[in-house]
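Below is one structure, written out as structure tokens; comments come after it.
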Amino acid sequence: FGAYMGYITFAGLGVSIIFLILHLVAFVLVADLRNLSGKNLASLCIALLVAYSSFMAGQILKGTACFVVAIITYYSFLASFSWMLTMAFDVWRTLRLATAELRVSAGKQWRKFTIYSLWSWLAPAIILTSALLIETAPKNSIPDDIRPDFGVDSCWFGQRKALLIYFAIPLAVVMVLNALFFASAAHMVYSTTSTTRFTASAGTQRDFRLYIRLALVMGLTWTVGLIAGILDNEGLWYAFVALNTLQGLFIFLAFTCTEKVIRGLAGRNVDGRPLRPPSFSWSGASTDSTRKSHLGSDPGTTDTLY
């Protein structure tokens, strides 16, 4: 689509990389961000940061280096899809426990995060391995149009059909699952806020609004991308590029520019140490709401919301 598309892409990627780094810095500095949901979001930021950086590097590389960068970019985007799905599942699961069983709690939850990490990093590796097996298969053993051709024409896929099989289809599956989690979460929030059996309904609504922001970051961008690919409409392609390359900014605005993060950064000494021990609050809810939501809960439960 010409030079303008390239300018928008590089400008957007540069902005996203800066804001992804800023979020990761906040993650390191603010203890309240280092719960399970915060670790999931930080992992998504790392995947996007690697994907964007390698994509930009691929614009000036050739040969073997271009092939390697194409693989890194592909894997990183797949990993970002996996982490998007993991975050959607984690929010849905936590809402289910909070609304159906009145269970919410804090904690770093390393065991759950380890399980999430194994899934979110290994599943893309399996898909990548499958693509590489096709890539390295002997000539004439498979149709050329399903061979990825990494790094041939650019530091990305060289075959449109292979891009559909190994990239668009996994993405579509993730988007469908995210939509199902979103619909289920919406039903739970609607059901609980219309009754009195869940005493922290205000907190639930606040968390669901965060989930809507997450769903927009996750789903809108790639939905536009899939539609643009089907219709091959220039306007949709520009919208997709703008949305996709600015995901880092959206994440920063939605999850970093919050009262909890600002309060955490403000409550630090010059040397970076906290002025007071961090305390847990359920998605920024008041202490009273948090206490209420724990009534009848299992003290050993370790579920958090964003």
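From the backbone N, Cα and C atoms, a Cβ is placed for every residue, glycine too.
Any TrEMBL annotation is an automated prediction that lacks curation.
Under the heading domain 'G-protein coupled receptors family 2 profile 2', TrEMBL lists 5-259.
As annotated by TrEMBL, region 'Disordered' applies to 277-306.
Annotation comment: TrEMBL describes 6-29 (among others) as transmembrane segment. Tertiary neighbourhood of the transmembrane segment (6-29): same-chain residues 38, 41-42, 45-46, 48-49, 52-53, 55-56, 59, 238, 241-242, 244-249, 251-252, 255-256, 261, 264-265, 268, 272, selected by CB-CB distance under 8 Å and a gap of 6+ residues from either end.
Sequence annotations record features per position, and here TrEMBL assigns transmembrane segment to 41-61 (among others). With a threshold of 8 Å between CB atoms, the same-chain residues lying at least 6 positions outside the transmembrane segment (41-61) that come near it are 10, 13-14, 16-17, 20-21, 23-24, 27, 33, 69-70, 72-73, 76-77, 79-80, 82-84, 87, 116-117, 120, 154-156, 245, 247-248, 251, 255, 306.
Here TrEMBL flags 67-92 (among others) as transmembrane segment. Note on the transmembrane segment (67-92): residues 36-37, 40-41, 43-44, 47-48, 50-51, 54-55, 57-58, 61, 116, 119-121, 123-125, 127-128, 131-132, 150-151, 154-157, 166-167, 170-171, 174, 177-178, 181-182, 184-185, 207, 210-211, 214-215, 218, 305-306 of its chain, located 6 or more positions outside it, place their CB under 8 angstroms from a CB of the stretch.
Sequence-distant contacts of the transmembrane segment (113-134) (same chain, at least 6 residues past either end, Cβ-Cβ under 8 Å): 36, 39-40, 43, 71, 74-75, 78-79, 81-83, 85-86, 90, 142, 146-148, 162, 166, 170. Taken from TrEMBL, the feature transmembrane segment applies to 113-134 (among others).
The transmembrane segment annotation in TrEMBL covers 163-190 (among others).
Among the features that TrEMBL reports, transmembrane segment is placed at 210-231 (among others).
Annotation comment: TrEMBL describes 237-258 (among others) as transmembrane segment.
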What mean pLDDT score does the domain 'G-protein coupled receptors family 2 profile 2' (5-259) have in the model?
85
